[in-house]
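Participant: Input: one structure, supplied below.
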């Protein structure tokens, strides 16, 4: 019984990473850019129908909804070899095509105007699935469409489908270089409020670190968007392998999320991946045993979120899920886990068990790989709060001077006052406090004092 997942791609960033994700899925399942199963793809043990459905003529169509308020990226997808892959009815471009101008308020209020058209598409897609498990939303939090329209959709999805899971892949802005979006801290904070309140699970893709990894580890001088998006699609496809190549564990989304998120608000996950290579043809001369892979996943340099050093707080893991792909002997897994615990290679919360789960998954038979074993770590770690602290600091600087607020005042939500900004700041501040509380043994009773 497949539990289907509908992917929603929003804005420039969401559609670009979504495009790479579908390219990767097609390659892994032996599906051509037109959606036709390749001649050599005869192994019937994968589950294509979690992410695809079949048209009348048997070709595969992604369960994806592509939304944007300006046409550039979606047009480039429609002019690519993968143009015929998508269902044209699932592509929504706003009439006037002016975009949201990197303004959260504009994206949000356009969402209010066009939500009926968008939900017609989403409802049709949901009705077409046997037992829909949830939605995956790809977007960035710094721009206008991904953040504003994304926030609006998150709120509405909760109202419309209260029992369905909502997982997001959220791209956080690059802090190493100057942003061309001056209101980025406002956009990010307003979106973070929705990610805290309306999503079940947020996979944080931090552009700062992705750029550093591309430069330092993959030795790319000036990484392009395309190369960064390939890294992202690797993470996205690896995090869904257990759904597509089902084993006896973690073969649905709730199984993945449940082991990682013991308390509902602390649902921001970071990822790590090893071994990282861009060039498939270069076989890296490294031994990849399960222990090597698991040990490397715990090294900070493989983790794809840049967290600041915090001397006051003893940050720790709340839970870890390692998805290991390749030729693995299950007894090795047990030994590796024991060794990680004995050597205390990971520092865990004081109020619960040291939860390291391992999901074994097959590799796609159709893709050549230079490594016997590769691994993805999805970790719930309290230091992710430093990312939110950084956003709050930048927000406070702008808010104190009331900088750039006139762009927001044009929209209905900010006509009267800026309460929405201040409540968002409050929500994110509480989230940071809760992450700090989770590093202390008395966290279990912390919630009770708050109520």
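Each residue, glycine too, has its Cβ placed from N, Cα and C.
So Swiss-Prot lists the following for this protein:
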type	residues	note
MOD_RES	131	phosphoserine
BINDING	142, 143, 144, 145, 146, 147, 148	GTP binding site
Participant: Please report the Cα separation of residue 147 (GTP binding site) and residue 131 (phosphoserine) in Å, rounded to an integer.
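Facilitator: Checking the Cα atoms of residue 147 (GTP binding site) and residue 131 (phosphoserine) gives a distance of 29 Å.
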Participant: Which residues does residue 148 (GTP binding site) neighbour through Cβ under 8 Å, counting only same-chain ones at least six apart?
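Facilitator: Same-chain residues close to residue 148 (GTP binding site) (Cβ under 8 Å, separated by 6 or more) are 100, 103, 104, 105, 106, 107, 108, 109, 110, 111, 187, 190, 191.
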Participant: Between residue 142 (GTP binding site) and the residue listed as 'phosphoserine', what is the CA-CA distance rounded to a whole number of Å?
Facilitator: 33
Participant: Which residue, of the binding-site residues 143, 144, 146, has its CB surrounded by the fewest other CB atoms within 10 A?
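Facilitator: Relative to the other binding-site residues in 143, 144, 146, 144 has the fewest Cβ atoms within 10 Å.
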Participant: If you count Cβ atoms within 10 Å of the Cβ of residue 142 (GTP binding site), leaving out that atom itself, what do you get?
Facilitator: 26
Participant: Here are the recorded positions: 131, 145. Which has the lowest count of other Cβ atoms within 10 Å?
Facilitator: 131
Participant: Taking Cα atoms as reference points, which of the binding-site residues 143, 144, 145, 146 is nearest to residue 131 (phosphoserine)?
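Facilitator: Among 143, 144, 145, 146, 146.
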Participant: Which residues, in sequence order, are found in the same chain with Cβ within 8 Å of the centroid defined by the Cβ atoms of 142, 143, 144, 145, 146, 147, 148 at the GTP site, excluding those residues themselves?
Facilitator: 10, 11, 13, 100, 102, 103, 104, 107, 139, 140, 141, 149, 150, 187, 191
Participant: Sort residue 144 (GTP binding site) into helix, strand or coil using the DSSP assignment.
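Facilitator: It is coil.
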